[in-house]
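Features reported for this protein in TrEMBL:
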BINDING   SER16, GLU33, ALA34  FAD binding site
Amino acid sequence: MATVHSKIGIIGGGISGIAAAKQLAKYEPIVFEATDCIGGVWKHCSYRSTKLQTPRCDYEFSDFPWTQRDNTTFPTYQEILDYLYSYAQHFDVLKFVKFNSKVVEIKFVGDREMNIFGEYGSLLTGNPVWEVALRTNESETLQWYAFDFLVMCTGKYGDIPNIPNFPQKKGPEVFKGQVLHTLDYSKLDQEACTRLVKGKKVAVVGYKKSAIDLAVECAEANQGPEGQPCTMVVRTLHWTVPHYSIWGLPFYLFYSTRSSQFLHQRPNQGLLRSLLCHMLSPLRRASSKLIESYLEWKLPLEKYGLKPEHPFEEDYASCQMAILPENFFTEADKGKILFKRTSKWWFWEGGVEFEDNTKLEADVVILATGFDGKKKLKAILPDPFRSLVEFPSGMIPLYRGTIHPLIPNMAFVGYLESVSNLHSSEIRCIWLSRLVDDLFKLPSVEKMLEQITQEMEIMKRTTRFYKRNCISTFSINHSDEICEEMGWQFWRKTNWLAEAFSPYNSQDYADAK
């Protein structure tokens, strides 16, 4: 087949891919989606109890508000999928999507002469830079496409599970029960999920959001005297939050306003502000302690040995904070959810064994151990670019969370995290569309690398869990810099009081000002 040439290609039809397609619509991009529907992890890695971690008004596109945006309940994954489909249909984005189209290879066919410390050139040169090999469900024959510019929206989650390494002869192969990852569990219907865990001794490995939700589902399926408890195998504790209110105060006051983020370090802050930030550090610690005191009072963390030793701020700064299901500790009080703290564990034929030589009998072990997003990227990126998405810190080095300075004519959307990943993706897609339009120029490669290094250093100093691209403690400043680069006014509120003490969300960026 002849190679099809187009200006822009987008890989992935999740939140980020659809946002990118909408913002780049005038170039008629081609969106490659490996499955038969849009939605990404919300479609393929969710189970029946999965809900959004933030209020819906904090998770919406700037030009497409929720119909019930003042509803304080957290939307279910199905509500989010419905919202995304409505957005895609409203802006006629689905016409760009090629479903059941899996990208299996990418080739670089551009100019290999790149001045590392020079200027980053135009993104649409009229000449192909990347070739993409596509396999569809209908044919094993590869179809090749050529693009001036490629946007990677494959995401950090889904597709490739992160499986722990085990000592020899102590892996899943010795276990006589059933082992699966949450990715496998999410593909089951409700009846199959219930059948899998009902009346079974289930061990859930992990203590983040997916593990917590899964433990509740297991507990609910095992009500009554014949029901078996679910045991959570916990290696690293993280702070969990029951709702977005702390001692009667809205949670956003602590981290999501200009005044609260003023207490935290940010890139390009200068010597004076660094000194001021150091002087204000007691206020920052006091804010974290206030939240910790509330959580210790509200939740039975000491009772179950679930109180983390690190400050709450470190979980927030690394985007690790999870919202608890309402009945999580209710089920624990009934004995339906048990906890086992451990640093190391492995399999034996009857279940799971721990470093203290104790054993846990299990019929089913479910690994809520996350996903390997970089492996997914590296599987399709060609050399020498494959090695460039892996820094020693574990983070992908991206300028504005979007452009890798050493990978030409390619953008990455959806790999940076904040309080609202939808907002983070959308504003970067807006920025990207203006960059493609040549409305502003990128700084030199050297300057971009300096900016990336600064952000990574701040994340590293703020939290021990810094191996994630998380900007939650300086997200407003991050958006300010993006607005300034686009030529927008970056103070978006109507008055100084709102500017200082009200939270920022997508609606603040609905119009260029």
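Cβ coordinates come from backbone N, Cα and C, glycine included.
This view paints the features noted in TrEMBL onto the structure.
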| residue | record | Cβ neighbours (10 Å) |
| --- | --- | --- |
| SER16 | FAD binding site | 28 |
| GLU33 | FAD binding site | 24 |
| ALA34 | FAD binding site | 21 |
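Max Cα-Cα distance over the annotated FAD binders (SER16, GLU33, ALA34) is 15 Å.
For the FAD site, the Cβ centre of SER16, GLU33, ALA34 serves as reference, and the other residues of the chain with Cβ at most 8 Å from it are ILE10, ILE11, GLY12, GLY13, GLY14, GLY17, VAL31, PHE32, THR35, ILE38, GLY40, CYS153, THR154, GLY155.
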